[in-house]
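Worksheet for the structure shown next.
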Amino acid sequence: MSHNVTPNTSRVELRKTLTLVPVVMMGLAYMQPMTLFDTFGIVSGLTDGHVPTAYAFALIAILFTALSYGKLVRRYPSAGSAYTYAQKSISPTVGFMVGWSSLLDYLFAPMINILLAKIYFEALVPSIPSWMFVVALVAFMTAFNLRSLKSVANFNTVIVVLQVVLIAVILGMVVYGVFEGEGAGTLASTRPFWSGDAHVIPMITGATILCFSFTGFDGISNLSEETKDAERVIPRAIFLTALIGGMIFIFATYFLQLYFPDISRFKDPDASQPEIMLYVAGKAFQVGALIFSTITVLASGMAAHAGVARLMYVMGRDGVFPKSFFGYVHPKWRTPAMNIILVGAIALLAINFDLVMATALINFGALVAFTFVNLSVISQFWIREKRNKTLKDHFQYLFLPMCGALTVGALWVNLEESSMVLGLIWAAIGLIYLACVTKSFRNPVPQYEDVA
C-alpha cells in the first residue's frame, strides 16, 4: 500500500488570483493595526513609558522569523506553511505535529475575532441577544470565504486602509493635544525610546507581549497556491507585512507615549483602547471607534478563516486527514469549501466560549510554527543541501535562523502556564491520532509529492 499521494492532473485546484498588494493587505488585516491601542496601557506600565522601544525589539525579533519564512516559501511554494516546511525539511512526522499544533493558532483565531466582535456589540447594543450577532457575523465571514479569496482580499484591503486612516485621525488629535500642552508638552523627544529610568529587561518583557501583535503575518504563507508568482511574491509579502505593521506600531505609539507618558490616567491599563479614545477624542468618537473595531476584528477573522481552511486542505490532500472532506475543492468557486464551512461552524463556539482559554490555545500554536520554521531553514539548507561552505552560507542558513529561533525562545519562556498545558494536551491528542493513521508508526506518514 502506498502512503504517498500522487498528483491527479484532473483534480480541481485552487485558483491563482492574488498579487503582492492584496496579500500584504490580508496579512495586515490578520494583524489588526488597531490592536496597538489595546496593548498600549499594559506595556507602557511594564516598560515605564517606553512602548516604542519595546515594539522595535519585537519587530527585530519577528523579522528574523519572517526571513526564514521567505527562504522556505521559495523552496516549497505550498499552501501548507509551517506544516509543509517541517514535513519536507525535517521529517513527515515532525511536519504533522507542527501542522497539528499550528491548527490551534489558525483554527481558533476566527472564533476569537468573532468573540471580540460579540463583546463590542454587547457593549453597544446590550438589549439584543449576543448569539444573533455571532450567527450573523459567522455567516457573513463564511459566505465571503466560500465565494473566492479575491473577495476576502478586497474586503480586507478596504478595512486596512480605513484602519490606517482612523489611526492617522487619532494621532492627529494626539499631536494637537500634545502641542496644546498635554502629556510631555513637546512633539520632539527621545523619552518614548529611552530615558534615565529606562531598563532593557522590562522592555524585552514588553516586547514578548507585543510579539503576539504580529501573529498573523505568517498566515499569508498559506495563500501560496492562490498567489501568482508565489515564489517571488509571498516572501516579499511576509517581510513587508511584518515591517509595515511594525513601523505603524512604532510610529503611533511614539506619539501616544508623548500624550500618555505614564499609565496614571488609565483606570484599567489592561484594556486601554476605550480610555485612549475617550481622553483624546471624546465619548461620541469612542462609540464610533468601537463600532469600527468590530469591523476590524471581522476582517482579521476572515483572513484567519482563509488561512486555516487552506492548511486543512493541504493536510487533507496529503492524506493525514480524510481526503474526500479536507482535500475537497469546490469546482466552481475553487475554494476548500468543506473546510471553510467547518471553520465557520467552530467559530460559532464564540456564542459561549472563554476568551482567555481561546487566546492561550492560539499562543502555543503560533510559537510552535515560528520555532520550527527557523529550524526548518537550518535543516533544509545548511544540513540537507549542504549550503555550509562559505561565510555567507553560515550567515544566511545558520546564524539568521538561529537568531530567529532564540528570539522565539524568549517568547516560550514568557508563555502562560495555561497555554503550555493546553498546547501539550492538544499535541498529545495529535500524536495519538498520528499513531492510529500510521498503525502505531509502522507505516510512513502520508504526504503529497507534488511539492518536493
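Backbone N, Cα and C define each Cβ position, glycine as well.
Remember, it's a predicted structure, so these values are computed and weren't measured experimentally.
The topological domain 'Cytoplasmic' (1-16) scores a mean pLDDT of 58 in the predicted structure. Sequence annotations record features per position, and here Swiss-Prot assigns topological domain 'Cytoplasmic' to 1-16 (among others).
According to Swiss-Prot, the topological domain 'Periplasmic' annotation covers 38-48 (among others), on the basis of a curator's inference. Residues of the same chain lying 6 or more positions beyond the ends of the topological domain 'Periplasmic' (38-48) and with a Cβ under 8 Å from any Cβ of it are 54, 197-199, 202-203, 205-206, 209-210, 213, 253, 256-257, 260, 262-263, 266, 268-273, 275-276.
Among the features that Swiss-Prot reports, topological domain 'Cytoplasmic' is placed at 70-95 (among others). Long-range neighbours of the topological domain 'Cytoplasmic' (70-95) within the same chain, counting only residues 6 or more positions beyond its ends whose Cβ lies under 8 Å from a Cβ of the stretch, are 14, 102, 218-219, 221-226, 230-232, 234-236, 238-239, 307, 310-311, 313-315, 318, 368-370, 372-373, 375-377, 379-381, 384, 396-397, 434, 441, 444-447, 451-452.
The topological domain 'Periplasmic' annotation in Swiss-Prot covers 117-123 (among others), and the record cites a curator's inference as its basis. Counting same-chain residues at least six beyond the ends of the topological domain 'Periplasmic' (117-123), those with a Cβ under 8 angstroms from any Cβ of the stretch are 130, 133-134, 137, 290-291, 293-294, 297-298, 301, 350-351, 355.
Per Swiss-Prot, topological domain 'Cytoplasmic' is recorded for 145-158 (among others). Non-local neighbours of the topological domain 'Cytoplasmic' (145-158) in the same chain are 15, 17-18, 21-23, 25-26, 28-29, 223, 226, 299, 302-303, 305-306, 309, 330, 333-335, 337, 340-341, 344; each lies 6+ residues outside the stretch with a CB under 8 Å from one of its CB atoms.
Within its own chain, the topological domain 'Periplasmic' (180-199) is flanked in space by residues 47-53, 56, 253-255, 257-261, which lie at least six positions past its ends and keep a Cβ under 8 Å from the stretch. Marked as topological domain 'Periplasmic' by Swiss-Prot: 180-199 (among others).
Per Swiss-Prot, the feature topological domain 'Cytoplasmic' maps to 221-237 (among others); the stated evidence is a curator's inference. Taking Cβ pairs closer than 8 Å, the topological domain 'Cytoplasmic' (221-237) reaches residues 13-20, 23-24, 26-27, 69-71, 73-74, 77-82, 106, 149, 306-308, 310-311 in its own chain, all 6 or more past its ends.
What Swiss-Prot lists as topological domain 'Periplasmic' is 259-283 (among others), and the listing cites a curator's inference.
The topological domain 'Cytoplasmic' annotation in Swiss-Prot covers 305-339 (among others). Counted with DSSP, the topological domain 'Cytoplasmic' (305-339) comes out as 21 helix, 0 strand, 14 coil.
What Swiss-Prot records for 382-394 (among others) is topological domain 'Cytoplasmic'.
According to Swiss-Prot, the topological domain 'Cytoplasmic' annotation covers 439-452 (among others), on the basis of experimental evidence.
As annotated by Swiss-Prot, transmembrane segment applies to 17-37 (among others), with the evidence given as sequence analysis.
Annotated transmembrane segment per Swiss-Prot: 49-69 (among others), in sequence order.
Among residues of the same chain six or more beyond the transmembrane segment (96-116), those with a C-beta under 8 A of the stretch's C-beta atoms are 30, 80-83, 86-87, 134, 137-138, 141, 215-216, 219, 222, 297-298, 300-302, 304-305, 307-308, 311-312, 315, 320, 343-344, 346-347, 349-350, 353, 355, 358-359, 361-366, 368-369, 372, 423, 426-427, 430-431, 433-434, 445. Residues annotated as transmembrane segment in Swiss-Prot, with sequence analysis given as evidence: 96-116 (among others).
The annotation transmembrane segment is assigned in Swiss-Prot to 124-144 (among others). Note on the transmembrane segment (124-144): residues 110, 114, 117-118, 151-152, 155, 287, 290-291, 294, 298, 301-302, 305, 340-341, 343-344, 347-348, 350-351 of its chain, located 6 or more positions outside it, place their CB under 8 angstroms from a CB of the stretch.
Sequence-remote contacts of a segment are chain residues at least 6 beyond its ends whose Cβ falls under 8 Å from one of its Cβ atoms, and for the transmembrane segment (159-179) they are 25, 28-29, 32-34, 36-37, 185-187, 248, 252, 255-256, 258-259, 276-277, 280-281, 289, 292, 295-296, 298-299. Residues annotated as transmembrane segment in Swiss-Prot: 159-179 (among others).
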So, does the transmembrane segment (17-37) come close enough to the transmembrane segment (238-258) to give 3+ Cβ pairs below 8 Å, pairs being at least 6 apart in sequence?
yes
I need to check the long-range neighbours of the transmembrane segment (49-69): which residues 6 or more away from its ends have a CB within less than 8 Å of a CB in the stretch?
40, 43, 191-195, 198, 203-204, 206-211, 213-214, 217-218, 221, 235, 238-239, 241-243, 246-247, 249-250, 253-254, 256-257, 261-262, 370, 373-374, 376-377, 400-401, 403-404, 407-408, 410
Taking a Cβ cut-off under 8 Å, which residues six or more beyond the ends of the transmembrane segment (361-381) line up next to it in the same chain?
64-65, 68-69, 71-72, 75, 81-82, 85-86, 88-90, 94, 98, 101-106, 108-109, 112, 212, 215, 218, 387, 393, 396-398, 400-402, 404-405, 408-409, 411-412, 415-416, 419-420, 422-423, 426
Selected stretch (most C-beta pairs under 8 A with the transmembrane segment (395-415)) from 17-37, 200-220, 284-304, 340-360:
200-220
Dominant neighbour of the transmembrane segment (200-220) in 17-37, 284-304, 340-360, by Cβ pairs under 8 Å:
17-37
Take the topological domain 'Cytoplasmic' (382-394) and find every residue of the same chain, 6 or more past its ends, with a Cβ under 8 Å from one of its Cβ atoms.
89
